[in-house]
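Listed features, source TrEMBL:
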DOMAIN    32-133  domain 'Arf-GAP'
DOMAIN    136-237  domain 'PH'
DOMAIN    259-363  domain 'PH'
Amino acid sequence: MLLPVLISVLSQATFVTYLCLFEILINYSNGCSICPEWASYTLGVFVCHSCSGLHRNIAQISKVKSLILDPWTPSELEFMDSVGNNAAKAIYEQLVPAFYYCPTFKDCTVLRDQWIRAKYERKEFLCVEKQEPYSAGYREGFLWKRGRDNGQYLSRKFILSEREGVLKYFNKHDAKEPKAIMKINTLNATFQPSKMGTAHGLQITYLKDNSTRNVFVYHEDGKEIVDWFNGIRAARLRYLQVAFPLALNSELLPKVTRNYLKEGYMEKTGPKHTEGFKKRWFTIDDRRLLYFKDPLDAYARGEVFIGSQENGYIVLPNLPSTIQGYHWPFGITIVTPDRKFLFACETEVEQKEWITAFLTVINRPMLPQEYAG
């Protein structure tokens, strides 16, 4: 894709240099999901445009150049050819814990930034002692937590205890009893910088009285909040290993934490289909469809279980013809064994994205534990 552009603008000698560079890229880019157009010529790795900016933040270790715009010396080309992403991975990722979240280019900035710093700046995966902040099974510290009712962020003491199987927080720094105890067996954590309006925003959920409770936290320091996230993942993996002793790590890791399949606004009507449509924030969390009046509400206004096709769950790209009244123009009907749920999307693009997300869940066979739940 890039070579025809280079041919048209570069001299023959310069083009030969770039041809060598792209041959190295093909051999050593380690199957990057997007075509890397940048490289760290001090580490010998190819990176995407977005991550090149993060590498510049550790300029004392990683110096980057554009594959297209910057000149390359023969010695730099030789170094890139001698290393490459595969070799660098073997060096810098020797001891990555199974639970540690390895981000992709789709993940938020704080996850990608701390992954790069952990590998190249702190060299955490060359020495297990450096992994203690998130692998020890116990973590204590302060996070800014959003108030359940007033939306104000206040400093709260949090303790993660793998031995007790809980994450808990305290309303006062010297309090002896926790304000909330979140059991690890229902715990989930996912970064939500856009929804929360802070670059380090982390959404923690757990089940309280069989309802989903949201807790929104952040920390000014990127390493601190990512360490909390990976500490939760470590505790979750060890819980799952005990709960399912015959399962392989490859089966358990997708259940350690999960990102939401889809989030956004839709309109909904009530069970009689005669009520007016109301705008709500929806989240597909595994097989739960939750809806909120506000995206940062502590509790959902309602939860809908989404089963599989063989159990009678169907998604339709419209609303019943009998539905009247004002609503967004692009309807969705979810048919369950008990009733029909009616939703409306503002745009056709949103409608298609929601239908795709619903079909992803409905087309997936249910697991035995999901029947039990």
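Cβ atoms here come from the backbone N, Cα and C positions, even for glycine.
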- [ ] Could you tell me how many residues in the domain 'Arf-GAP' (32-133) are helical, how many are strand and how many are coil under DSSP?
- [x] 48 helix, 9 strand, 45 coil
Task: Secondary structure content, the domain 'PH' (259-363) (per DSSP, counts of residues) - done: 18 helix, 40 strand, 47 coil
Open item on the list: Per DSSP, what is the helix/strand/coil residue tally across the domain 'PH' (136-237)?
Closed with: 23 helix, 46 strand, 33 coil
